[in-house]
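A.B. asks: Dropping the structure in here first, questions after.
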Amino acid sequence: MTDKSYKIAVLPGDGIGPEVMAQAHKVLDAIEQKHGISFEREEHDVGGIAIDNHGCPLPESTVTACEESDAVLFGSVGGPKWEHLPPNDQPERGALLPLRKHFQLFCNLRPAQIHAGLEAFSPLRADISGRGFDIVVVRELTGGIYFGQPKGREGEGANEKAFDTEVYHRYEIERIAKIAFESARLRRKKVCSIDKANVLQSSILWREVVEEIAKDYPDVELSHMYIDNATMQLIKDPAQFDVMLCSNIFGDIISDECAMITGSMGMLPSASLNESKFGLYEPAGGSAPDIAGKNIANPVAQILSAALMLRYSLGEEAAAQDIESAVSKALSAGELTADLASDKPALTTSEMGDKIAEYILNS
């Protein structure tokens with residue numbers, strides 16, 4: 001029993017966001033009951049509903065609430081209703097990106113695994129998916145070619161050109177590498193750093209700095225892999241990977257590939273962290289407005305996002321493992337929502353939340 005209290009800013013957002021967030025609340029209620037942890041939770045508008053109620057996708061009151069909290073549990077934003085707005089005023093770009101910038105969330109964590117009983121959903125061959133895999137992609141989120149200067153277009157005709165610049169500072173690589181190694185210590189103690197050090201100067205520095213940081217983690221095994229080989233190895237033998245450490249653009253590619261080979265995007269959580277371990281936790285999927293309000297959405301990604309919050313921002317590893325174990329038990333027992341049930345009877349969104357909370361309390 002930890003007898004600790006944490007303040008959580010809860011931002012359900014749009015589409016299926018409120019429905020799946022309600023299930024995360026059930027699970028956190030169960031954690032409170034079992035572990036003696038107290039979560040002070042307040043819900044605030046973000047995204048399309050914030051546009052409707054406040055005239056902008058990210059009200060100042062929501063930002064203030066996040067600043068006063070230990071972590072942010074985020075649902076999903078966006079939908080056809082707001083697509084007519086200018087791009088910067090739409091829910092996705094007007095809410096998530098400013099939040100990441102305001103809180104300097106430089107690290108993105110994307111776990112991807114095949115749960116027992118769901119191997120058939122993977123597009124991989126049965127002999128590969130049957131071996132299972134459990135990977136966390138640690139992606140640098142604020143540097144690299146997406147943000148480097150100069151970038152632009154100039155000239156005309158045959159001489160017209162476009163250019164982007166890949167830039168990484170030593171401190172940016174150091175801080176993301178430390179999170180990768182610390183994450184590995186909580187798992188199977190292996191880090192594979194992805195780069196293109198046979199071609200790119202930025203990757204040469206990346207590899208040098210990662211090697212230096214590795215000296216502080218002698219208990220963690222470090223390997224390096226070129227990005228082109230890594231994309232092939234993920235298809236051939238994903239079980240070889242534990243923590244994959246990536247730059248911004250390589251992490252963008254690798255995390256989506258990892259998501260695809262699980263075969264179940266509705267199951268994948270995501271975390272974005274800053275240097276003080278403050279984090280924003282959200283499902284990797286979208287707001288799915290086509291199924292909103294039907295009580296059929298899969299809440300597992302939202303629930304597992306809450307587990308990541310407990311692990312990385314709150315330091316409650318035992319509670320995080322309880323949630324993940326409860327999810328695995330439910331899935332192994334064939335308790336599935338409509339996206340996974342095929343020809344079997346499907347659980348509703350709320351029934352799935354009830355089941356996972358029940359497994360936590362009975363474990």
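The backbone N, Cα and C atoms fix where each Cβ goes, and this holds for glycine too.
On a predicted model such as this, the values are computed, not experimentally measured, just so you know.
Grabbed the feature section from Swiss-Prot, which reads as follows:
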BINDING   79-92, 286-298  NAD(+) binding site
BINDING   Arg100, Arg110, Arg139, Asp228  substrate binding site
BINDING   Asp228, Asp252, Asp256  Mg(2+) binding site
SITE      Tyr146  site 'Important for catalysis'
SITE      Lys196  site 'Important for catalysis'
A.B. asks: Look up Asp256 (Mg(2+) binding site) in the DSSP assignment and reduce it to helix, strand or coil.
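C.D. replies: Reduced to three states, the DSSP call for Asp256 (Mg(2+) binding site) is helix.
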A.B. asks: Are there binding-site residues among Pro91, Arg100, Arg139, Asp228, Ala288, Ala292 that sit within 10 Å of Lys196 (site 'Important for catalysis'), Cα to Cα? If so, list them; otherwise say none.
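C.D. replies: Near Lys196 (site 'Important for catalysis') by Cα: Asp228.
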A.B. asks: I need the CA-to-CA distance for Pro91 (NAD(+) binding site) versus Asp252 (Mg(2+) binding site), whole Å please.
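C.D. replies: Here the two Cα atoms are 21 Å apart.
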A.B. asks: Going by C-alpha positions, which of the recorded positions (Gly79, Tyr146, Asp256) is nearest Asp228 (substrate binding site)?
C.D. replies: Asp256
A.B. asks: Once Asp228, Asp252, Asp256 are set aside, which residues in the chain still have Cβ within 8 Å of the Cβ centroid of the Mg(2+) site?
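C.D. replies: The answer, listed by sequence position, is Ile227, Thr231, Ile249, Phe250, Gly251, Ile253, Ile254, Ser255, Glu257.
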A.B. asks: When DSSP states are folded down to helix, strand and coil, where does Arg110 (substrate binding site) land?
C.D. replies: strand
A.B. asks: With every protein chain in view, what's the tally of Cβ atoms within 10 Å of the Cβ of Tyr146 (site 'Important for catalysis'), excluding that atom itself?
C.D. replies: 14
A.B. asks: Give me the non-local Cβ neighbours of Arg110 (substrate binding site): same chain, 6+ apart in sequence, Cβ-Cβ under 8 Å, ordered along the sequence.
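C.D. replies: Same-chain residues close to Arg110 (substrate binding site) (Cβ under 8 Å, separated by 6 or more) are Val136, Val137, Arg139, Gly251, Ser255, Cys258, Ala259, Leu268, Ser270, Ala284.
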A.B. asks: Non-local Cβ contacts of Arg100 (substrate binding site) (under 8 Å, 6 or more apart, same chain)?
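C.D. replies: Non-local contacts for Arg100 (substrate binding site): Leu141, Thr142, Ser272, Leu280.
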A.B. asks: So which of the binding-site residues is most packed in, judged by how many other Cβ atoms lie within 10 Å of its Cβ, out of Ala288, Ala292, Ile296?
C.D. replies: Ala288
A.B. asks: Which one of the binding-site residues (Glu83, Asp228, Asp252, Asp256) has its C-beta surrounded by the most other C-beta atoms within 10 angstroms?
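C.D. replies: That would be Asp252, with the highest Cβ count within 10 Å.
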